[in-house]
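Encoded as C-alpha cells, the structure appears first; notes follow it.
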Amino acid sequence: MTIETKLNQIVDNKIENDLDSDSESVDLTENKRQKFPYKRIGKSFLVVAILVAVFTIVLPTALYDRIGLVDDGLIFRALFGVFMFCLFICLINIYYLGGESQAWDADTDVNDLDFSFSNVIAIIGIIIEFVQICSFSFNATTPFLGSEALRHTNYIAIPYSEGISFKVMYWVMFAFAFTPYIFIVMVRLIVHIMTRRNGEDFTSQFMTNHQQNIYSVLWFLVNTMYLPVIGTMFGGIDCTFTDSEATLDSDPVTHCLKGLHVPYIICSLLALVMYYPAASFAQSQTQSISDIKFKPRIVFIFAQGKVILAAITVFATTLSAVYLSAVIVVNFIFLIINVLLKPCLVEWVNRMRTVFFSFCLLTTICSCIAYGGVDQYIPLVLLIVGYVALAVCFAIYYQIRESVILFFKSKLFKNQKSTLSSSQVANP
C-alpha cells in the first residue's frame with residue numbers, strides 16, 4: 001500500500017508539473033501573440049520611413065531651381081520631420097509595446113556590487129551620460145559668468161563646431177553609426193575562428209567567462225555615443241533657407257540641397273535608419289548582462305529624451321526661449337521618472353541618478369535666470385549655492401530616510417496591534 005501511495009504521489013506531481021509547464025507555455029505563446037501585431041505595425045512604419053527618406057532626398061533636390069528656396073526648405077524639413085516621426089512610431093511598436101518589459105529575472109535583487117569590469121564600465125557610462133545631459137543646460141545665447149567654459153562640455157554630446165571640425169567629425173560619426181553591427185559581426189567571426197581552432201568546449205567556456213565584458217563594451221559604446229552620433233547626423237540636415245541662398249548651419253560654405261550636401265542627406269538618413277533603432281534596442285537590452293540593470297522600457301524613454309535634446313541643440317540653438325523650455329521639460333521628466341519608477345535595480349544608483357538629474361534641472365534654471373538679463377555673476381552664485389544645498393539635503397535625506405520609515409512602520413504596527421486587541425476584547 002505504501003508503494004502504491006508513493007507511485008500515486010509521483011504520478012500526481014508529474015501531472016501537476018506538466019500542467020504548470022503547459023500553463024507557462026500557453027502564457028508565453030499568448031504573450032507573443034499579443035505582441036505580434038505591434039511588431040508588424042512597427043515594421044510597416046519602418047518601410048514607410050524608408051520610402052519617406054527616399055522622397056526627402058529626391059523631391060527637394062529636384063525642386064531646387066523650380067520653386068523658391070524657402071518653399072523648398074519647408075518641403076525638405078516637413079519630409080524629414082515625417083521621416084523621424086515614422087521611425088519613432090516604428091521603435092515604439094517594436095521595442096516598447098512589442099518588446100520585453102524587463103531584461104532580467106524579476107526576483108533578482110542586487111545592492112552590493114562586485115568590483116568587476118562590467119560594473120565599472122556601467123558606472124563610468126552613467127557619469128558620462130550625466131555630463132552629456134547637463135551640458136545642454138549651457139547655451140551660447142544665455143551666457144553667465146563661467147558658463148562659456150562649462151559650455152565646452154557639450155562637445156562630449158555634440159562633438160563638432162562649425163566648419164572643418166564638422167566635416168571631420170561627421171564622417172567619423174557616420175562610420176561609428178555602424179559599430180553595433182560591426183561589433184556583433186566581429187564577435188561572431190572570433191567565435192567561429194576560435195571554434196574551428198580550439199573546439200566548441202573551449203569557445204563555450206571562453207564566452208561564458210567573458211560574455212559580460214564583451215557586451216558591457218557594446219553597451220558603453222552605444223550609451224556614450226548615442227548623443228554624438230544622432231546629433232552629428234542631425235547636423236548634416238540642419239539648413240538655413242532664405243530667398244537668396246540655402247546654407248548648412250554646421251558648415252556655412254556648403255550649399256544645401258545640391259553638391260556636397262546631397263551625400264550628407266543620404267548618409268544622415270541611412271545612419272539614422274541603421275543606428276537609431278539598433279542603439280535604442282542595445283541600450284535597453286545589453287545592459288542586462290551587468291549587475292547594474294535598468295528597466296528596458298524606461299531606458300527606451302530616456303533614449304528618446306536624448307534625441308529631443310540633440311534635436312533642439314542642432315535645430316533650435318538660437319531660439320533661446322524654446323531651447324531652454326525644452327531642456328528644462330526634458331530634465332524635469334527625467335527626474336520624475338527616476339524618482340517615481342526607480343528604473344535601476346540597484347537602489348544607490350537610482351539615488352545617484354536622482355542627484356544628477358536634480359543638478360541638471362538646477363543648471364537649466366540658472367541659464368533661464370541668465371536669459372532674464374540679470375548680472376552675470378548671479379546665476380553662477382545660485383548654481384554653486386544650489387549644488388551645495390542639494391548635495392547636503394540629499395545626504396541628510398538618505399541618511400535619515402530609513403530611520404523615519406522604520407519609525408512610522410513601528411507606530412503603524414503598534415496602532416494595528418492595539419486595534420486588534422480592542423476588537424478581541426469587545427468580541428470575546
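Each residue, glycine too, has its Cβ placed from N, Cα and C.
Summarising the annotation, TrEMBL assigns transmembrane segment to 41-62 (among others).
Marked as transmembrane segment by TrEMBL: 74-96 (among others). Long-range contacts of the transmembrane segment (74-96) within the same chain, counting only residues at least 6 positions beyond its ends with a Cβ under 8 Å from a Cβ of the stretch, are 38-39, 41-43, 45-46, 48-49, 52-53, 55-56, 59-60, 63, 237, 239, 241, 256-257, 269, 272-273, 276-277, 280-281, 284, 296-297, 300, 304.
Cβ atoms under 8 Å from those of the transmembrane segment (117-138) belong to residues 147, 150-151, 153-154, 156-157, 212-213, 216-217, 219-220, 223-224, 227, 287, 289-292, 306, 309, 312-313, 327, 331, 334, 349, 352-353, 356-357, 359-360, 363-364, 366-367 of the same chain, restricted to positions at least 6 beyond its ends. Positions annotated as transmembrane segment by TrEMBL: 117-138 (among others).
Annotation comment: TrEMBL describes 168-193 (among others) as transmembrane segment. Remote same-chain residues near the transmembrane segment (168-193) are listed as 159-160, 203, 207, 214, 217-218, 221-222, 225, 228-229, 232-233, 235-236, 250, 264, 267-268, 271, 274-275, 278-279, 282 (criterion: CB distance under 8 Å, separation of at least six residues from the stretch ends).
Under the heading transmembrane segment, TrEMBL lists 214-237 (among others).
Marked as transmembrane segment by TrEMBL: 257-277 (among others). Counting only same-chain residues 6+ beyond the ends of the transmembrane segment (257-277), those with a CB under 8 A from a CB of the stretch are 46, 49-50, 53, 56-57, 60-61, 64, 72, 76, 83-84, 87, 90-91, 94-95, 170, 173-174, 177-178, 180-181, 229-230, 233-234, 236-237, 239, 246, 248, 307.
Taken from TrEMBL, the feature transmembrane segment covers 298-316 (among others).
Under the heading transmembrane segment, TrEMBL lists 322-341 (among others). Residues 133, 136-137, 139, 141-142, 295, 298, 301-302, 305, 308-309, 312-313, 316, 350, 353-354, 357-358, 360-361, 364-365, 367-368, 371 of the same chain lie 6 or more positions beyond the ends of the transmembrane segment (322-341) yet place their CB under 8 Å from a CB of it.
Annotation source TrEMBL lists transmembrane segment at 353-374 (among others).
Residues or ranges marked as transmembrane segment by TrEMBL: 380-400 (among others).
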Same-chain residue ranges lying at least 6 outside the transmembrane segment (380-400) that approach it to Cβ under 8 Å:
144-147, 351, 354-355, 358-359, 362-363, 366, 369
